[in-house]
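What follows is a set of notes on a single structure, which appears directly below.
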Amino acid sequence: MEGRFFPNKAALFMMLLTVCIAPTLVQGQGTRVGFYSSSCPRAEAIIRSTVQAHFKSDPTVAPGLLRMHFHDCFVQGCDGSILIDGPNAEKTAGPNRLLRGYEVIDDAKTQLEAACAGVVSCADILALAARDSVFLTNGRSWAVPTGRRDGRVSLASDTANLPGFRDSVDVQKKKFADLGLNTLDLVALVGGHTIGTGACQLFSYRLYNFTNTTSSGADASIDPSFVSQLRSLCPQNGDGTRRVALDTGSPSRFDASFFANLRSGRGVLESDQKLWTDASTKTFVQGFLSGQGLTQLDFNTEFAKSMVKMSNIGVKTGTNGEIRKICSAINA
């Protein structure tokens with residue numbers, strides 16, 4: 001594997017074997033690659049073409065769909081509950097109000113219902129759309145196990161376990177561990193911030209009166225030159241909804257430059273920057289930076305493995321859940 005050291009050929013063979021069978025190892029809950037190969041053979045192609053069409057006219061849907069899948073899986077498992085409309089539904093909760101890309105899922109669902117009604121779940125559409133979004137932004141594709149069914153419950157009050165932008169590394173690790181994800185998964189999945197933007201309201205507090213240990217009053221972990229740059233984009237008492245790239249210099253390309261920015265004190269979100277300042281996560285950040293750290297890691301490979309692992313959190317299969325007719329509402 002690229003970027004790893006192996007003492008002998010046997011070790012290399014075992015690692016290659018592990019990578020090849022990794023998707024199978026995480027399919028114990030009833031999902032499998034190619035679930036729709038007979039029941040709806042064009043399912044993945046329809047979803048892919050739909051995401052491509054929307055991406056062509058609005059590239060911001062790619063990070064939007066990736067975030068949406070993440071937020072879906074962390075609440076009630078990967079069951080499409082984030083898609084449900086309602087006054088107290090998940091999408092109304094604070095951490096979810098800025099999510100985007102719902103229209104892509106609705107479009108794909110409409111086409112899939114015309115091709116094979118009642119077969120493909122909204123949860124699977126979202127999982128596949130997230131994968132396709134990474135590929136469209138120059139990331140690597142991977143095989144997505146499918147067969148999820150849609151949940152019938154969506155409550156804003158269930159979103160407390162979503163990772164937050166002020167979370168310490170210990171809090172982040174606990175939230176991930178509670179769902180069966182380890183520290184490497186945490187660092188790899190947060191690396192998804194290599195594409196997309198964040199609103200000023202999520203980080204501008206770091207720029208003004210954050211501490212008295214720096215002459216500027218800004219968070220000491222931020223590179224001073226970056227403070228000036230961020231202040232020009234997010235002036236004090238300015239428009240909190242203005243969006244700023246989370247991966248400075250490469251916001252539209254899925255790559256490891258996000259980690260280089262953390263090393264340089266240019267992480268926009270406080271929770272992201274802490275991955276560099278905490279020893280338990282820093283080792284993995286270094287691993288994703290070519291030629292650094294005790295363990296060299298390939299970001300695309302590890303991200304794909306962690307995505308497959310995450311996408312199997314609390315999935316509903318068999319007779320659990322339902323196949324929604326429209327993704328924004330449970331069936332009557």
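Heads up, the Cβ atoms here are built off N, Cα and C, so glycines get one too.
TrEMBL entries are annotated by machine, without manual review.
Bear in mind that the values here come from a model prediction, so they are computed numbers and not experimental data.
Listed in sequence order, Ile82, Glu90, Pro95, Asn96, Leu99, Thr159, Leu162 are the same-chain residues six or more apart from His71 (active site, proton acceptor) with CB atoms under 8 A from its CB. Sequence annotations record features per position, and here TrEMBL assigns active site, proton acceptor to His71.
Within 10 Å of the C-beta atom of Gly77 (Ca(2+) 1 binding site) sit 21 other C-beta atoms, taking all shown protein chains into account. Among the features that TrEMBL reports, Ca(2+) 1 binding site is placed at Asp72, Val75, Gly77, Asp79, Ser81, Glu90.
Taken from TrEMBL, the feature substrate binding site covers Pro163. Non-local neighbourhood of Pro163 (substrate binding site): Phe74, Gln172, Lys175, Phe176, Ser271, each in the same chain, at least six residues away, with C-beta under 8 Å from its C-beta.
Feature annotation from TrEMBL assigns heme b binding site to His193.
Counting only same-chain residues six or more apart in sequence, the Cβ atoms lying under 8 angstroms from the Cβ of Asp255 (Ca(2+) 2 binding site) belong to Asn138, Gly139, Thr194, Phe299. Annotation source TrEMBL lists Ca(2+) 2 binding site at Thr194, Asp247, Asp255.
Positions annotated as disulfide bond by TrEMBL: Cys40-Cys116 (among others). The Cβ of Cys40 (disulfide bond) has Leu112, Ala115, Cys116, Val119, Val120 as same-chain neighbours under 8 Å, each 6 or more residues away in sequence.
Under the heading disulfide bond, TrEMBL lists Cys73-Cys78 (among others). Every protein chain considered, the tally of other Cβ atoms within 10 Å of the Cβ of Cys78 (disulfide bond) stands at 29.
What TrEMBL lists as disulfide bond is Cys122-Cys327 (among others). Within 10 Å of the C-beta atom of Cys327 (disulfide bond) sit 22 other C-beta atoms, taking all shown protein chains into account.
Per TrEMBL, the feature disulfide bond maps to Cys200-Cys234 (among others). Neighbour list (Cys200 (disulfide bond), Cβ cut-off 8 Å, at least 6 residues apart, same chain): Leu233, Cys234, Gly238, Asp239, Gly240, Thr241, Arg242, Arg243, Val244.
If you look up TrEMBL, you'll see 30-331 marked as domain 'Plant heme peroxidase family profile'.
Annotated signal peptide per TrEMBL: 1-28, in sequence order.
With a cut-off of 8 Å between CB atoms and residues at least 6 apart in sequence, the same chain places Leu99, Gly192, Gly196 near Arg67 (site 'Transition state stabilizer'), listed in sequence order. TrEMBL lists Arg67 with the feature site 'Transition state stabilizer'.
Taking CA atoms as the reference points, Asp247 (Ca(2+) 2 binding site) and Gly77 (Ca(2+) 1 binding site) are 28 Å apart. In this structure, the C-alpha atom of Val75 (Ca(2+) 1 binding site) lies 20 angstrom from that of His193 (heme b binding site). Measuring Cα to Cα from Cys122 (disulfide bond), the recorded positions that fall within 10 Å are Asp79, out of Asp72, Cys73, Gly77, Asp79, His193. Taken together, the residues of the domain 'Plant heme peroxidase family profile' (30-331) have an average pLDDT of 96. Remark: Asp79 (Ca(2+) 1 binding site) has Asp72, Ala123, Arg148, Arg149, Asp150, Gly151, Gly314, Val315, Lys316, Gly321 as non-local neighbours, by Cβ distance under 8 Å and separation of at least 6 in sequence. Within 8 A of the CB centroid of the Ca(2+) 1 site residues Asp72, Val75, Gly77, Asp79, Ser81, Glu90, the other residues of that chain are His71, Cys73, Phe74, Gln76, Cys78, Gly80, Ile82, Gly151, Ser154, Asp158.
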